[in-house]
Structure formats: structure tokens, C-alpha cells
Amino acid sequence: MTGRVQTPTEERGPTVTAADPSAPDAVPCRVDVVCLGESMVAFRPAAERAPLADAAVFARGIGGAESNVACALAAAGHRTQWVGRVGTDAFGDHLVAAIAAYGVDVSAVQRDPARPTGVYFRTAGERSVGLPAPPAAPPGDGGPPLSEVLYYRAGSAASAMSPALVPRAAAWSGRVLHLTGITAALSAGCLALLRALTERRPGRPLVSFDVNYRTALWRNAPEGPAVLASLARRSDLVFVGEDEAEAAWGLHGAAAIRSALPEPRVLVVKRGAAGATAYVRTSAETFTEAVAEASADGPGAGGAHPEADADAGDDAGLDAVVTVPAPSVDVVAPVGAGDAFAAGFLSGTLRGLTPGQCLRHGHLMAAAALTAPGDLAAPPRRDHADRLAALGPAEWGRLRLGPGWTTDAMDTPDTPGTPDTPGTPDIPEAPAPAAPVSAKERTP
């Protein structure tokens, strides 16, 4: 197919290239990543562990899966744009200003004079996708309770998004378009927009899709799981959690998920604290070479496993299976990790890193979110993240990250970089195992 998506090579994920200027729908690549979806103003109880019913004072923030990814990527040095709609109200003013403060291009955000900006209230705690679970446990009764979340987004400005209101040129103006299943649940117009933007036609950028299944969003729409599966199959790079796949499709394990979603060129299955697995579609000619090259690094090194599955059959090719464990993390707030992981993986993809390195950068971004309060956290500096991602398998397995690890002083001051060249890794050619830089970042 013509356009900006190329078949991945034996050791890389989706290749991000410039648009074919001769394609009828080709648009200039103004940014690295366009993130399209709803962002809302978030309110959390100011008192720690206070339930919503008892909270008298709230702290204001921002939230939204797509804008979270845009902010994290911008903070990591990439050019990003958020495409969305907000009301012509004070909350809309705050959202646009707060997201722009991260360095995100907000020039394509539309203001709606008739519909409000969405807001939500939530407590600290684990975010549930909707699997059967007991009521939120009181403090001290084991693990963290599920969070309380109240959304006030029905009829919001963002829910009015549609193919008629959001120009394809704006959504396709980046090297990558990042979408989530949350947008598909907002309205029929939003779903039609996602279907239009994921249509395979010349000029389409690489499409990244985070399933982000939430039963509350699809409570009155039993077709939700099928809708999300359809959108995933139309995408090039898909993120899904094992818990989401179980709740939405009744699937258990990464292999079963890949069998159900064979179309994406890269499928990333998030397994929480256990790590993540990437299925990377390759050709029959390059699969053996990819596995052989990665075997030298050993398990956990971030390359394809020597025992990687190769499902022969159709023209889609074979899968190289890459699994990377997550580092141990001293969790401060169990929110925002999924969006941060997607941002880290996309950052590696933009830089042309191997799937294993992309997974490691995803884990590091997720760790940054988990060790800071709120949905958004400062990512580690690129040289810091590269240094940790280059650790050997044993050192990576012993890595433990705690609060403050992203801001620890380094021996070398941060140096502003230049935009990355697609396909060119920005890591040392022969990195040596790195020692911990502080007690907040340690490999015992």
C-alpha cells in the first residue's frame, strides 16, 4: 500500500516514514504524533483516601487518554498535536492552556459554544476495566482499592466530534495518529470519525490504537467489544491489557489475544507488573534471522525470544514475539501508567528502536507515572532512559524505581536535542551496563 506505513523489518516495529506526496489524501507531516480524543478537567479529593461523598475540597487537574499521551511525548522531546473539542467555557480555557504548557500543539482544538467541556471526579486507587470485583476496600485491607470515578461528559463538546467536524487533513498531519477506544464510545459521530480515520487508503499515517476498554462506557451498548476489535484490526500498532481482553472478549493470555487480532503489524499486550509482550509481524525470509540475532542477548534482553512463535499461513507473515519484564516500582499512585506506556513505546517507534527497546521505554515511562501523583508525570530525560534501557538482562531484572527517580541529578547535564531522523536509533552502539545513579534507582 502507498502511504507512510511500511512493513517492519526483522528487528524493528512499524517504520514511520514521510507521506507519499503523490497520494490523493497525503498531507504534510507537521508533527510526529497527532493524538485525537476527549480531554476533561479532573477533580480529585484534596484529602488523601477521602471518598467522593466526604470530600469537601478538590484539587483540579486534567485528564484524557489521548492528551496524556500527547503531553508525555512532548515532554520527551517529540512534536505532538492534540485534536479535540472543548466548550467555550472556563474549563475549556484551562484544558487548552494546560495541555499547551507541555509543548503540545493545540491549534486544531475546536471550541463549541453550545456544548460544555467534560469533567470528572475520581479518587486515588486502581482503575478498573470492569471485571467483577468486590467493593472498594477500606485503607489497610490489603491492596489498593478500586477508584471511584464519576464522569460528566454526556453531551460534551468532544462527543460532537464527527467526520464532518474534524478534517481528515488535521488528523492525518503527523507521522503517527494515536487513537483510543474511549473516543469510539462517546457517540455515533465519534465512532464514525474513528472508522473514517482508520480506513486504509493512500496517505494514511501509521495508526496507533489503544483499546482502553471500560465497561462503564459501553454499559448501554453491548456491541462495544466487537466495535473495539474491528478498530484494532484496522490499525497498525495496537495496545491492549490482558485484563481488558478478558473483560471485553473473554480471551486469556497474550497468545489468544494475538490469535484474535492477527491483522495489526505490531500488537502489544500489557500484563501489568508482569511486563509486556509485543507481537511483531515479519516476513518468512527475515523471521529466522531476527530470532537468531536476538538470541545472543538472552531472555529478557529486549529482543525476540529464541523460542518465538511463528504461525505460518497467510500473506501477513510470521510473528516475532518479544517479551520484556517490567522493573519493580514503588507505586505512589496507580493511575496513568497505561497512557505513559503507550507514549514510551511510541517514542521508541518514532526513533526507530527495536521492539524490545520500545517495550523498555514503555516500562520506564509507565514507572514515571506510577511513582508520581496524578495522571501526568515528568518523564525521565532521554539520556537517562536510554541508559536504563541499555542495561543487561540481569541488571534490568534487578532494577527498582522509586519516587523521584526521573529527576535525580546526572553526571552529564541535559542537552537540548534535535528532531529525530526516522529509523535512526538514538542509543549508544555498544552500551555498557549502567550503575544506579541514586538510592531512588537501584539494582540490588
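In case you wondered, yes, glycine gets a Cβ from its N, Cα and C as well.
These figures come from a predicted structure and were not determined experimentally.
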TrEMBL annotation (region 'Disordered') - matching range among 126-146, 294-314: 294-314
Composition by DSSP (helix, strand, coil) of residues within the domain 'Carbohydrate kinase PfkB' (32-126): 25 helix, 33 strand, 37 coil
Arithmetic mean of per-residue pLDDT over the domain 'Carbohydrate kinase PfkB' (320-377): 92
